[in-house]
Amino acid sequence: MTPALVCERLVKRYGDKTVVDRVGFHIDEGEAYGLLGPNGAGKTTTISMLVGLLRPDEGSVRVGGIDVDEDPVAAKRLIGYVPQEIALYPELTARENLRYFGRLYGLPRRELTSRIGEVLDLVGLTGRGDDKVDTYSGGMKRRTNIAVALLHRPRLLILDEPTVGVDPQSRVAILDRVEALVGEGMSLLYTSHYMEEVERVCTRVGIIDQGRVVADGTKRELVAELGGTDRVELTLDGDVTAASEKLRAVEGVSEAVVTGSSSIRLLVAGGRHLLPALLAAVGDAGAVTGVEVVEPDLEAAFLHLTGSTLRD
Amino acid sequence: MRALLVVAGHELRSRLRDGTAPLIALVAPILLATLFGLALGGDDDPPLKATIGVVDLDGGEFPASVQREALNTDELKGVLTFRQYPDEAAARSAVDGGETGAALVFPAGFSEGVGAGRGGKVSVLESPQSPLAGVVARSMVDRISALVEARTLAVRASLEAGVPADRVQLFVEENGAAGPALSLVGDPVAGGRVDLAVHYGAGMAVMFAFFVVGTTARSLLVERQNSTLDRMRAAPVPLWTALVGKSAVGFGLALFSMCATWLSSVLVFGASWGDPLGVFPLLLAHVFAATAIVMLVASRAKTDAQADGYTLGVAFVFAFLGGSIVPVYNLPEWLRGISLITPNGWVSAGLSELAGTGAGPSAVLVPIAVVTGIGVVAGTVALLGFRKGRFA
Ligand SMILES: Nc1ncnc2c1ncn2[C@@H]1O[C@H](COP(=O)(O)OP(=O)(O)O)[C@@H](O)[C@H]1O
Ligand SMILES: [Mg+2]
């Protein structure tokens with residue numbers, strides 16, 4: 001079967017800054033793929049090239065086997081694109097927004113009316129469809145933002161950080177809907193800097209940092225690369241910078257980064273056994289107030305691959 | 001095509017919904033054109049009253065006949081008054097003091113020089129405070145110059161043909177080369193004095209066309225900031241759909257605005273802008289150019305506020321240079337040439353031709369072509385920028 005999306009060696013430069021650097025990955029039909037990376041990693045720029053908004057300096061994109069550069073209109077018909085920003089007319093109602101974009105996607109009037117009902121239902125906004133978007137909460141706006149992209153039943157849904165600025169309840173609701181859509185066979189590209197979201201929704205993950213996809217695989221594959229390394233989160237009162245220096249010198253510690261004014265994240269081979277050594281190493285740099293040993297996860301993989309954390 | 005209509009329909013509804021469109025497209029230009037027209041023009045009043053000073057250092061027949069003829073022309077009867085001054089300095093201070101609008105200076109020996117085929121030159125003193133008198137005076141001088149030239153040529157030809165010098169003047173006059181001495185009938189000030197109701201009506205229409213298109217440019221920038229432009233560009237339609245669909249609405253509204261101002265000028269003042277078959281294509285060309293220019297400057301803007309600023313700047317500078325606010329003949333000489341880089345200048349010139357001389361559509365072919373050309377150039381640059389990702 002043709003993959004839902006294939007991109008190869010995508011490059012985008014602004015001036016002499018290479019913002020996207022030879023990015024390539026593929027998404028199989030019905031697969032949910034996550035691009036995980038911190039702010040400024042190049043996720044949005046990559047997506048802009050995938051959906052035909054931005055012409056890559058190098059590289060190619062195929063959506064459902066169609067080259068985006070050669071036949072952008074046909075390729076775009078297969079994509080449901082949800083911009084990172086709320087791309088709605090605030091002075092219009094959700095229904096009016098949906099009608100306008102639906103018409104732009106070429107849906108016939110009658111079909112459009114029923115589809116609008118369906119997608120409003122899908123995102124749980126049936127009762128509020130005739131209210132102005134202006135009056136919505138952040139979560140409702142996000143959900144409407146997604147609804148617009150679903151009108152034309154796209155084969156590939158592209159969500160760019162769909163939960164930014166959303167209350168926890170709405171976030172869960174959004175993730176539920178997205179999972180349901182994937183369950184129905186829709187292919188998905190999901191970008192986020194939230195590890196939990198990508199871990200939950202996506203079967204395969206690309207880790208992107210400073211414009212490069214540094215690793216790509218299932219969560220299991222990525223974590224396996226850590227080779228039995230645990231993630232340890234330390235909290236302490238004192239000089240975190242000095243403490244992190246000392247911790248890095250401990251045998252078995254591969255990374256030690258400051259993640260807050262009183263927190264340090266470590267990658268430690270055989271984390272549990274090394275705890276006493278870690279506490280000793282901190283010494284008079286501060287008083288340790290908490291220690292948490294976490295099963296190897298994407299956050300640990302990210303730290304392992306890039307030497308930095310997802311959220312700064 | 002269908003997508004273009006969808007975008008245009010949406011844009012039109014938004015423009016009508018936000019209420020500024022009717023204000024900028026209808027109320028403001030019509031109101032201003034009417035106020036200017038009432039204050040400065042109007043059809044019932046004599047179009048102008050001008051006092052022109054005369055310094056007759058010649059004392060011959062020519063200056064006297066010029067004044068006689070001028071006062072007898074239908075156009076200037078009851079409008080023009082001559083006032084005599086002994087010398088140029090006296091005339092200069094009268095002009096500067098506003099006592100007289102402009103002055104003609106006939107140099108000593110003028111009549112004799114003309115009679116002998118040596119030609120002669122009448123000079124004009126003007127004041128920026130009374131442009132109209134200046135225009136009348138200059139147009140008289142133009143006529144005099146033409147006459148002098150004709151007579152000079154005739155005298156020279158006669159001399160060459162062997163008519164004795166002392167008989168040549170008589171000979172020329174007898175043979176009619178001098179023509180009816182001086183005729184100002186018809187268009188004493190064509191190209192300069194269009195009824196001011198027309199001038200300001202057209203000026204406002206031309207200027208507001210920019211503002212009307214500007215509202216569309218602004219909405220394009222707002223949509224870029226809202227990311228709704230991204231959404232439109234991500235739809236399965238060509239990338240230029242959003243730009244062209246929105247521009248078309250700006251174009252249509254601006255054309256509507258100009259025609260409405262035109263109509264109001266006709267209804268309120270009974271002023272004629274000239275042959276509609278000439279006026280309409282001229283307005284059409286202007287709207288096209290204004291749309292392209294505004295889209296071009298807006299494509300260089302980053303925010304809607306910046307787009308507003310750019311539009312405002314371009315509209316006012318062009319309006320000023322192109323004679324939409326101050327008549328072109330009021331500008332210093334070097335600026336008059338610049339007026340012809342603006343569509344406004346060409347439209348003003350074209351309308352002067354149509355309204356002032358009653359010329360037919362063929363008289364404005366050049367202005368129409370030039371204005372359209374300005375639009376094509378600006379539009380091409382705007383579209384190229386768009387391809388490079390402006391508005392993206
Ligand atoms: N139009 C642009 N001009 C210059 N730099 C840009 C432009 N767009 C994005 N960038 C830069 O490219 C990098 C990646 O941005 P982006 O793709 O938005 O990252 P992400 O979506 O992962 O947060 C950032 O450093 C950003 O500043
Ligand atoms: Mg982003």
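For all residues, glycine too, the Cβ spot is worked out from N, Cα and C.
Taken from TrEMBL as is:
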type	residues	note
DOMAIN	B:24-384	domain 'ABC-2 type transporter transmembrane'
TRANSMEM	B:21-40	transmembrane segment
TRANSMEM	B:197-222	transmembrane segment
TRANSMEM	B:243-271	transmembrane segment
TRANSMEM	B:277-298	transmembrane segment
TRANSMEM	B:310-329	transmembrane segment
TRANSMEM	B:364-386	transmembrane segment
Touch test for the transmembrane segment (B:364-386) and the transmembrane segment (B:277-298), at least 3 Cβ pairs under 8 Å: yes
Which of B:197-222, B:243-271, B:277-298, B:310-329 contacts the transmembrane segment (B:21-40) most, counting Cβ pairs under 8 Å: B:197-222
Feature contact check the transmembrane segment (B:197-222) with the transmembrane segment (B:310-329), CB under 8 Å, 3 or more pairs: yes
